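Right, one structure below, let's go through it.
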Amino acid sequence: MPSIEAVGAREILDSRGNPTVEVEVVLEDGTLGRAAVPSGASTGAFEAVELRDGGDRYGGKGVTKAVEAVIGRIGPAIMELEATEQRLLDATLIDLDGTPGKSALGANALLGVSLAVAKAAAASSGLPLFRYLGGPSAHLLPVPMMNILNGGAHADTNVDIQEFMIAPIGAGTFAESLRWGAEIYQALKSVLKGRGLATGVGDEGGFAPSLPTNREALDLIAEAIDKAGFGLGDDIALALDVASTEFFADGSYTFEGSGRSAEQMIDYYADLVDSYPIVSIEDPLAEDDWAGWTSITTRLGARVQLVGDDLFVTNPERLARGIAEGAANALLVKVNQIGTLTETLDAVNLAHRSGYRCMMSHRSGETEDTTIADLAVAVDCGQIKTGAPARSERVAKYNQLLRIEEELDDAARYAGAGAFPRRTTTG
């Protein structure tokens, strides 16, 4: 297999107008791999650390230090490594950084290199990325968890829950699921206009109206599903990303204007699950509220998927603790939370071995890079979260999944309702 011959990097812009890192790796056979690194708005305290410049330039968010780290430190250290030696490459990156949170060189620098090398190796092998990473059996297309209504840190409104998602579980193919989602998205816009509500969009393409309660958001989505001609529950399920760490402080959750305990939050979620066909709730409790997580998993874990994002930060060590303590039953997978492809794959493998579901995810600050679409198929996630069917940095991932489904042809399988074995018919 060709070895690494050249490594370059540059500062580019993400979908929120903030700088991010793009890395290019060239192999000795001339093959090029390019990867751009995403960035989050609501970030977990235990995520790997992005290296930012500080100062006045780009409001302190420049990434020239990370670019310099790629060119000056990382590139020389990995030159002549074989591109297929992903685990060795990533171990070299981790050792070179030498800090637990990857703060010396920056997780944004390390991840860009890690992904660019994988893409170069795939191209050199003559394989699409999903096939190179997943092998000959990779064929499962994920259910798109479309964030069509935004609140929380993704929108400047008084809606506490960060993401209200639709899951087209009744579709027969990924292409059909995407069409259903797009039709519901347009129907929701019409419903909002009819109510005199704002139709501006948040970071991830979902609408961001100011609403009196979080339930109102669910009711508007239910109306849009009906308006588009689909059935709530059988055709389209609902999902939430609460991002509750964002409103947790001093042991209390400030939610809909009042302080609530973990048990009161769990009561609230139980009522929602009783009232709506909700198949997944992400980060219902805060990243350090382990007791609360164990409690909600005991109470609701048999009925609904409980996804750890800030709780696990795609970190195998934190996931192992959650498995041991019975906290959550699914892992959100964000490659930039951990900083290398190998560590991401290790977290996914641990989740699968332990009976935890996995949901591949974008970040609120995205680029046109489509790596996560291939990765979702490669590791049999069965679920992907990459925003509304709008904004080109979101649609890029969906379009890549369309291409993958077309390439797989008769071998392609759409995960559908099977991605949510805990699903009930409530709603």
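Note that Cβ sites are derived from N, Cα and C of the backbone, with glycine treated the same way.
Source: prediction; values computed, not measured.
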Recorded (2R)-2-phosphoglycerate site member, picked from Gln86, Gln162, that accompanies Lys334, Arg363, Ser364, Lys385 in Swiss-Prot = Gln162
Among Asp219, Asp226, Asp309, find me the residue Swiss-Prot lists at the same Mg(2+) site as Asp241, Glu282.
-> Asp309
Can you see whether DSSP assigns Gln162 ((2R)-2-phosphoglycerate binding site) to helix, strand or coil?
-> coil
With an 8 Å cut-off on Cβ-Cβ distance and a minimum sequence separation of at least 6, pull the same-chain contacts of Lys334 ((2R)-2-phosphoglycerate binding site), or say none.
-> Pro38, Gly40, Asp309, Val313, Thr314, Ser361, His362, Arg363
Nearest by Cα to Ser364 ((2R)-2-phosphoglycerate binding site), of the recorded positions Glu204, Asp241, Glu282, is Glu204
Express the distance between the Cα positions of Glu204 (active site, proton donor) and Lys385 ((2R)-2-phosphoglycerate binding site) as a whole number of Å.
-> 10
Nearest-integer angstrom distance between the alpha carbons (Cα) of Lys385 ((2R)-2-phosphoglycerate binding site) and Asp241 (Mg(2+) binding site) | 10
